[in-house]
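Engineer: According to TrEMBL, the protein carries these features:
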- 94-113: transmembrane segment (TRANSMEM)
- 275-295: transmembrane segment (TRANSMEM)
- Asp360, Thr362, Asp740, Asp744: Mg(2+) binding site (BINDING)
- Asp360, Lys361, Thr362, Glu479, Phe521, Arg552, Thr632, Gly633, Asp634, Arg714, Lys720, Asn743, Asp744: ATP binding site (BINDING)
- 398-411: compositional bias 'Low complexity' (COMPBIAS)
- 398-423: region 'Disordered' (REGION)
- 767-994: domain 'P-type ATPase C-terminal' (DOMAIN)
- 801-823: transmembrane segment (TRANSMEM)
- 829-849: transmembrane segment (TRANSMEM)
- 879-899: transmembrane segment (TRANSMEM)
- 905-926: transmembrane segment (TRANSMEM)
- 933-953: transmembrane segment (TRANSMEM)
- 959-985: transmembrane segment (TRANSMEM)
Amino acid sequence: MLACLDVAKILNCSDWLINICRRKKELKARTVWLGCPEKCEEKYPKNAIKNQKYNVFTFIPGVLYEQFKFFLNLYFLVVSCSQFVPALKIGYLYTYWAPLGFVLTVTVVREAVDEFRRYKRDKEMNSQLYSKLTNQRIPSDMVFLRTSEKTGSCFIRTDQLDGETDWKLKVAVSCTQRLPALGDLFSINAYVYAQKPQLDIHSFEGTFTREDSDPTVHESLSIENTLWASTVVASGTVIGVVIYTGKETRSVMNTSNPKNKVGLLDLELNQLTKALFLALVALSVVMVTLQGFVGPWYRNLFRFLLLFSYIIPISLRVNLDMGKAAYGWMIMKDDNIPGTVVRTSTIPEELGRLVYLLTDKTGTLTQNEMVFKRLHLGTVSYGTDTMDEIQSHIINSYSQNSGNSTSSTPSRKPQLSAPKVRKSVSSRIHEAVKAIALCHNVTPVYESRAGVSGETEYAEVDQDFSDENRTYQASSPDEVALVQWTESVGLTLVNRDLTSMQLKTPGGHILTYYILQIFPFTSESKRMGIIVRVILGVFWVLCGNMAREGLRTLVVAKKSLTEEQYQDFESRYNQAKLSIHDRNLKVAAVVESLEREMELLCLTGVEDQLQADVRPTLEMLRNAGIKIWMLTGDKLETATCIAKSSHLVSRTQDVHIFRPVTTRGEAHLELNAFRRKHDCALVVSGDSLEVCLKYYEHEFVELACQCPAVVCCRCSPTQKAHIVKLLQHHTGKRTCAIGDGGNDVSMIQAADCGIGIEGKEGKQASLAADFSITQFKHIGRLLMVHGRNSYKRSAALGQFVMHRGLIISTMQAVFSSVFYFASVPLYQGFLMVGYATIYTMFPVFSLVLDQDVKPEMALLYPELYKDLTKGRSLSFKTFLIWVLISIYQGGILMYGALLLFESEFVHVVAISFTALILTELLMVALTIRTWHWLMVVAEFLSLGCYVASLAFLNEYFDVAFITTVTFLWKVSAITVVSCLPLYIIKYLKRKFSPPSYSKLTS
């Protein structure tokens, strides 16, 4: 009993140890003291980037595992090892180990080079030093303590985190921002409490506490007080306290680990090799059975397995790998897609099998450059060609008021009782332009002439306030476009802080407006507002006629308030903000109470410019049968506008906007509503998508896959990757992801084929992708031409190499059966090596140059691409056809040689082997669809090598016999019988059942 208990205790202890080793470190909330690292008891991850797959100890085992997990390579390893056993030895060791060693060497070297490049990139990033951050990528997640900007705020770029190139406003902790000097940060007794690390990049909860003040200062921290890793400080210098490092940072938590991608063609060939192995075993068993299980039959069985091992040729792996390298070289040398880089050389055929393309929006489909296109006043509309009229109206309007005060602070009692008079066009334009110039969150920034450092961080510096030196910062490029437009017509934003903004008139006068309240844009309210003395402007998105033109349409309105009305609003607004329950609803209700009886001023239309040739490229992809999903971190309205302007959604197509859902019941109702729609595009937000996938994953994906186009907005990087995996799991089809930002890396790595665009958002996506391009339009040629050719060429190459092994195995089977089922090889030594290399390798490999249609034709008729997704170029049907051809030709060659040989066995070898070489060369010619001059060279080079080598093969051939006419006519007769019927069948098939591409070329 005691022994049993001891054993149980030991087992429990071992289980506990295993669980401890496997368990991930639990993420915890933390308290970080300023300037006192010794007070921190917990140990946190090193702040280092690591993109390497292996280390020094795991490299060789890891690479070998990745190779031998495939049945093909494992089989070759077992066969090669068997040759060390004398009783099983069939030929020379080099005939087995040389090809296997070559494959492994190439693979290990390629992986080593890739791993070293990753190591160098990681080392470069991890060796960067930081102090104050200015225009640098932030190395870790921090709480923002202090800035050189007097406003106590700064702008950051988050393109590598969420894909948006809009600048985000961040606010320093007010307690530390008010400190007199920078050094005081290290003398105060304060700490930051931060919640445990999490995936959500849009939220944060924490507190800042200063204990050495009376009373103790407690300040709540939110997302606006944070600086996440991989973002860039765009204005001023900042100082922060690090709260999360390394793998606990938001950017790393939202990045998936890279996987080793394997092409569908490789998986299909792996399945075919398993079928060939079963055929090999069956043939060997039949031979031993017919032999009568005489003697050590199991040894004979293994010898037969080795004799017929050429059924699965090791040269298959060599040829395919060399073919992939050739395809990659052709892609990078294509002048029509300059700058394209192949980073993963193992999956070029995947480009020809794609069914789903998942694309980012910002920087991928669009340039993220906003241009003001239209101003509509209800009765009159102004476009880009009539903006000079607006400018003249503004100049006239302000020149008439030039005698007035330069301050815009009005009297406290506006003339509300004045009768309504129809305003002139000039006054309406004036009011509209002024409202547009005021209702935004844009800040003008001027470059300093002198550097700012040390104790002078807040010293006045000499700044250039000229128009040429001014740039605008905002969280939305739409707002920047509006402010730039008001500047172009004469009303310029020259200064702004938290409490006021200044506008410059065409005459050079400065108008000062005092900001009382700002209501930022939210996806719920769909509008943005501001109260100044005395204009209230409210923006909201309206999908009207202008939106059909692909413009982002905004409506501008104003309302005048008395001082009493404003005071009443302010008290109700502040009270609502202090509510504990339903705060957002109460605040929204108070703001909405102002949005009544407003005066409509104008409508504006802003265009987000698309990348070059986006529309024709998307149309080409759709015609090729590829379904396109747009996954973006941007707002719903913006994503919908771009989907329409890029023609991802056609003008005549209905769009179903999936309503926000938070519960299972709401998701069920909305899915039912969506199910009743037919042939409409789907637009869904990331939050609603999360709820649907939680409760109705299968139903949602099934419905979404039936849509002609899908737009997912407000997607986090992990959600993008999750959507890719869902499509792979539920449809089994090949997916491609394309993006240009760091937030697209997870999606790119999760897809079967990842394409990165090297653009404004940096190189992170480009470096992580399998293929890197410089423009979205290049994807058309990459898929239609190179993807199509790579797949069809590899399919032909793979099947021909298998045919080359099957035909010689058939000859061996015939030979063994004729000679009393002896396990004796037909061809030995150099004949077998030469057959797989110099005698047939060049013509067979020249199939990588073959093409069925010209590139121009493939681009003109993208419908040709649809056939590839059905996998007809390499299937069990085509494989069986090649098996039958091999059996027929192998039987003809062997029986013909046995029938025609004289008296010596050496004549059988000479006749059959020569006829075999000629047959293979003629079969390559039969397979080729478009001749290339290198193919002709390869055919004659191989034939020349064989003829030249006959003089040195006296060990295998009777040199006197092979120079006779008898030898020549016998070889010719056998070769004609083996090949002529196939040429006749090919001619008849092309005549009576031509393939689709031949109809186009004719």
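The backbone N, Cα and C atoms fix where each Cβ goes, and this holds for glycine too.
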Engineer: Please work out which residue of Asp360, Asp634, Asp740 has the most C-beta neighbours within 10 angstroms of its C-beta, and give that one of the binding-site residues.
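Structural biologist: Of the binding-site residues Asp360, Asp634, Asp740, the most buried by Cβ count within 10 Å is Asp740.
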Engineer: Please report the distance from the Cα of Asp744 (Mg(2+) binding site) to the Cα of Asp634 (ATP binding site), rounded to the nearest angstrom.
Structural biologist: 13
Engineer: With pairs restricted to those 6 or more apart in sequence, evaluate whether the transmembrane segment (905-926) and the transmembrane segment (94-113) have 3+ C-beta pairs under 8 Å.
Structural biologist: no
Engineer: Take a look at 94-113, 275-295, 829-849, 959-985 and tell me which one has the most Cβ pairs under 8 Å to the transmembrane segment (879-899).
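Structural biologist: Stretch with maximum Cβ contacts: 959-985.
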Engineer: Report the listed stretch (94-113, 801-823, 829-849) having the maximum count of Cβ pairs within less than 8 Å of the transmembrane segment (275-295).
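Structural biologist: By Cβ pairs under 8 Å, 801-823 leads among 94-113, 801-823, 829-849.
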Engineer: Quickly jot the same-chain residues contacting the transmembrane segment (94-113) by Cβ under 8 Å, restricted to those at least six beyond its ends, or write none.
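Structural biologist: Counting only partners 6 or more residues beyond its ends, the transmembrane segment (94-113) has Cβ contacts under 8 Å with 59-60, 63-64, 67, 73, 76-77, 79-80, 83, 314-315, 317-318, 321, 345, 829, 832-833, 836.
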Engineer: Taking a Cβ cut-off under 8 Å, which residues six or more beyond the ends of the transmembrane segment (801-823) line up next to it in the same chain?
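Structural biologist: For the transmembrane segment (801-823), the far contacts come to 272, 276, 280, 283, 287-288, 290-291, 300, 303-304, 307-308, 310-313, 315-316, 319-320, 835-836, 840, 844, 879, 882-883, 885-887, 889-891, 893-895, 898, 912, 916, 919-920, 923.
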Engineer: Starting from the Cα of Asp360 (Mg(2+) binding site), work out which of the binding-site residues (Phe521, Thr632, Lys720) are within 10 Å.
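Structural biologist: Thr632, Lys720, listed in sequence order.
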Engineer: Within 10 Å of the Cβ of Thr632 (ATP binding site), how many other Cβ atoms can you find? Include all protein chains, please.
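Structural biologist: That number is 30.
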Engineer: State which of the following binding-site residues has the fewest other Cβ atoms within 10 Å around its Cβ: Thr362, Phe521, Lys720.
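Structural biologist: With the binding-site residues Thr362, Phe521, Lys720, fewest surrounding Cβ atoms within 10 Å: Phe521.
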